[in-house]
Amino acid sequence: MVEALISDEAFIKGCAAIGAGLAVGLAGIGAGAGESGIGAAAVGAIAEDRGFLGLGLLFTVIPETIVIFGLVISFILMFAYG
Amino acid sequence: MLKPEKMVKISVVGPREQLEYASEILYKVNLLHIEDPKEAEYFRIGEPLEKASLISRSLVQLRSYISYLKIDPSRIVPKRKYKSKEIEEVLSKKLEEYQEQIGRKIEEKRSIDERIRGLEEELRVIVPLKVLGIPSRLLMGYKNLRCFVGFVKENPVGELSKITNLFDAVVKEYDKELLVAIFVKAEYGDDFFRTLQAFGYRELHVPDVDDYDARIREIVREKEELLNRKKQLEKEIEEIKVKEAELLLTIEEYLSTELDKSELPLKALFSKYTFVIVGYVPAKQLDKFKNEVERNGKIVVEVIEDEEDNPPTKLSNPAVVRDYELLTTTYATPKYKEIDPTPIMAIFFTIFFGMMLGDMGYGLLILVLALYLKTIFKTEGWQKLLNIALYCGISSIIFGFIYGEFFGPFIIPGMKKPSEIHFLGDILAALYSFNHHHPLFDRVEEFGVKALLFIVLVIGMFKMLWGFALGFYNVYVEHGMKEAVYEKGCWFIGVLGLVMLILGFSYNLGIFTSPPEEGFGRLLPENLYVLGSYTVEDGRAVPLPIPGLVDGWQAGVNIFYLLALPLLIIWFVIFLKAEIPKMGIFGIIMAVELLTWFGQIISYARLLAIGLSSVYIAFVINYLSVKIGTPPGMALLPVAIILLLIGHAGNLLLGILDPGLQSLRLHYVEFFTKFFEGGGKEYSPFGRVKKFLED
């Protein structure tokens, strides 16, 4: 009954949208988890030595790329099926 | 630009007795970066001039006054400059005066504080004793009795009576604790003491005071007097601070320069009759330096040709670029022989920031804020940072014009009327009437997103290759051609192969051949296919032609893929030649690093992503406030305005922070790691830039 109401096309579109959301969201959680540890350590190091600021910042933002990967995947999904 | 300033290693040699003169003249020219000396058989490091100890003593005292008065040198703009002679004349008199005026006053204030603390301490004892109500003479001076006066947590009388009944106790409540006075025969004293300790006994030291009330009044009165005196002293000190701050700092500067000069022997080597100072001067100023220093004919400057020299780094950039040195040196100071990436960063940091934020309204606000803050924060670091903010603001305005955004977009796919999207929608649409009421480049609609994604990836590929090319140069200069090819050239070729793969993939998707919505138009011919019988009528080719995976993969092999193959093979061969001798056969695993570079190219997609998020936040704020503020919505204009202000303020904050950080990161992580090692010594010549003194 329900199957009859939703066309195949709409179903695929919906799944793609959910997938795109999951790609960004999960990647965000992952990056956040990764950054939390590095960030704490970096702040500790900077407290010891101000000169570490640049390098600390660099290390902290490294996992952020993961979110961008997620975002690119979601774009591709939306371009392909959205 | 791109290279730190050229340095020459020199030695300054002269007879011992000329050292004082040498220190004066070297300090004045302020050009020589002195290298730390190494002692040798006949050469020993010298000792500071005699006057050094006296100067440093005065300096320590003066600095303690300055720090006590909380005088901030960066906030004081000198009204006039003093001559060294002038200071020399008044120096001893002024130092005495400061000792007299500031030193004494500080001392007196300190003793007042001490006395007040003492009085408060006494009060803390007397007030409870008053509550206890027993005169102090009855609490001490017994021969056969032990008297305990103090605080306990619970009533100890029950426990004490188990030892003996021959005691007397007064118990009063005081401030959530119990106050006790217990009199017992001296022989039970120790037992009582132990028991009381179990109740958390804290003894009160009973002072010799007859009338508690009178003493309390006396203490309060004395404290008041002391506080008054303290207030007066503070006022006087504040007056001195206002009057003398400039001169204090000037004398501090004078003494610091004198101390630097008299400590020069610590950086020089001495033989029996001569001294030698080795250091670096900028090549451009060698002649000037030589002329000045050799003027009296007794000191000689010689250029040293040294193989193992390690010159300091003096970045030399034009005025605008110099501001960005702040960002480069936060990462690291370039080595002398390295490329200085500041100019590249100056251009791309600003462009990236504008590309991400890309909003005329926010850009304008950043511009105004930066200009305003520049008048408040005068220190060099702040000025540099605010200048960068200024350029970034301008860049945001330019990109904002291209994107057609002013505190958010006025066109959103799926929504027709600009006036519903943006509070100034109609005005903005009218502004863009020259372009069919459409921004020059719309990054919100689907084609815009696609196109920008591709553009930023191209920027990424370009900067990646550039980074490796610069790295190649750096390694070549330091270690020679072979190392450069193995270490950087190899990856340059590998990444070039990757780039070809990405371009080939894009070509098959039609980005270079299809009209907008699908691609950029006909930039390239449609038949760049090599294998198979691909024609336009066949429809689109296979995007990724992997043999065996897809039927008819030959159709997808275009010229880019064909170029990628030899490049990747060359990369792999060089990679193996470089890695196998170092790591053994398992070194092959390191080849996966190529994927890291692929990841870093994709990472440039943040140039698109960060911007889009801020666009949509701005859109949501605008849309809500238009709906709330105007009919047929709720027509609550004040609420709409508040929402607009708070929302855009928050978005602006994010819009400064995130693009700034991400732009920085794209340089630090994706660009600098390819070529920039850092670890150079900063050029700091002997002498100082004088703020309060003049020559």
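Cβ atoms are placed via backbone N, Cα and C, with glycine included.
Regional average pLDDT for the coiled coil (B:88-122) in the model is 88. Per TrEMBL, the feature coiled coil maps to B:88-122 (among others).
Positions annotated as coiled coil by TrEMBL: B:209-250 (among others). Here the coiled coil (B:209-250) has long-range neighbours at 62, 65-66, 69, 71, 73, 76, 78-79, 82, 87, 94, 98, 101-102, 105-106, 108-109, 112-113, 115-116, 119-120, 122-123, 126-127, 129-130, 135-137, 691-693, meaning same-chain residues at least 6 beyond its ends whose C-beta is under 8 angstroms from one of its own.
The annotation transmembrane segment is assigned in TrEMBL to B:344-373 (among others).
Annotation source TrEMBL lists transmembrane segment at B:385-403 (among others). Within its own chain, the transmembrane segment (B:385-403) is flanked in space by residues 320, 323-324, 326-327, 349-351, 353-355, 357-367, 369-371, 373-374, 377, 409, 439-443, 615, 656, 659-660, which lie at least six positions past its ends and keep a Cβ under 8 Å from the stretch.
Sequence annotations record features per position, and here TrEMBL assigns transmembrane segment to B:451-477 (among others).
The transmembrane segment annotation in TrEMBL covers B:489-507 (among others).
If one looks beyond the transmembrane segment (B:559-576) by at least 6 residues along the same chain, the residues whose Cβ comes under 8 Å of a Cβ in the stretch are 485-486, 489-491, 493-494, 496-498, 500-501, 503-504, 507, 528-530, 545, 587-588, 590-591, 594. What TrEMBL records for B:559-576 (among others) is transmembrane segment.
Counting only same-chain residues 6+ beyond the ends of the transmembrane segment (B:583-601), those with a CB under 8 A from a CB of the stretch are 457, 460-461, 464, 491, 494-495, 498-499, 502, 571-572, 575-576, 669-670. Among the features that TrEMBL reports, transmembrane segment is placed at B:583-601 (among others).
TrEMBL lists B:607-624 (among others) with the feature transmembrane segment.
Residues or ranges marked as transmembrane segment in TrEMBL: B:636-657 (among others).
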- Item | Close approaches to the coiled coil (B:88-122) from elsewhere in its chain (Cβ under 8 angstroms; 6 or more beyond its ends) | 58, 61-62, 65, 68-69, 207, 215, 219, 222-223, 226-227, 229-230, 233-234, 236-237, 240, 244, 247-248, 251, 254
- Note on the structure: Taking the transmembrane segment (B:451-477) as reference, the highest number of CB pairs under 8 angstroms among B:344-373, B:489-507, B:607-624, B:636-657 goes to B:489-507
- Comparing B:344-373, B:489-507, B:636-657 for Cβ pairs under 8 Å with the transmembrane segment (B:607-624), the winner is B:636-657
- Task: Determine which residues of the chain contact the transmembrane segment (B:636-657) at the Cβ level, with the cut-off under 8 Å and only residues 6 or more beyond its ends counted.
- Result: 357, 359, 361-362, 365-366, 389, 407, 423, 614, 617-618, 620-622, 624-626, 628-630
